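Read the structure below first, then the notes.
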């Protein structure tokens, strides 16, 4: 009971400091360069931007990952032991940062890292909910994945409902599924494999494709997201944001770009609204790959987009200053007057 009380206190008192953790890792997929994502995002001014907000920022640098010389594919999944070991290390680091009272930002690296990031968060906050902003659902299993790449299977490792459909991969004996399908919402989907589509339907997962966003508008999408995840009780939010959710015209330097993505304003609206809940606890920003930019401008625009997404999730507003309760109330009063 004492442990549960301590965990609840960690998760309920929203942090007044930010921890930044770099995870320069690429073995969840086959394209090199994504391991340079954390450096590219820092070089684009992340720490300076966050330091302009209202709380102290602690940059804990980059985790150091070991690449195993012998890591044979399992079924057709490449590098399972390397990915499993990296996520175990990351899980511990995220758990420690959240336990120390920080709102934590994990810079990837590829999206397989979300396995460790969300698991480490759940160790401290077992009742968390997950918002997955991505062009892809990343809910394949080794049995349904066309490529075998683990960055497209991250969510499947987390979900209790898929426990019987996941073979025991070498490297992952340290973790058990911890998330229910009802505690997950996807935003921005537009490239979903047939097996993933069946899983989403079978489990009744709440998701919003780009067509849904076109139809409903991003404001309504976020209202339904929060109603789905938070109407029963307020709880910590884990935001896992793949930069390929954004349209490739805004974020071209990424491994699996898909046309027709989020506009700048839609992407920033999502993160501003998550900040406004006061419940953001951990955020991943993944899949920035500087090696895949056709030009220096392409790399810089992608990294700059990542900085804007992170900063708005942590309170930067388009008016210029951090969001405070007072400024939010004043704005709502002004809008009432206009109406």
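Placed from the backbone N, Cα and C atoms, the Cβ positions cover glycine too.
From the options 294-316, 317-339, the stretch TrEMBL describes as region 'Disordered' is 317-339.
Report note: the Mn(2+) site is defined by 111, 134, 136, 138, 242, 244, and the residues of the same chain whose CB lies within 8 Å of the CB centroid of those residues, excluding them, are 132, 135, 137, 151, 152, 245, 256, 286, 287.
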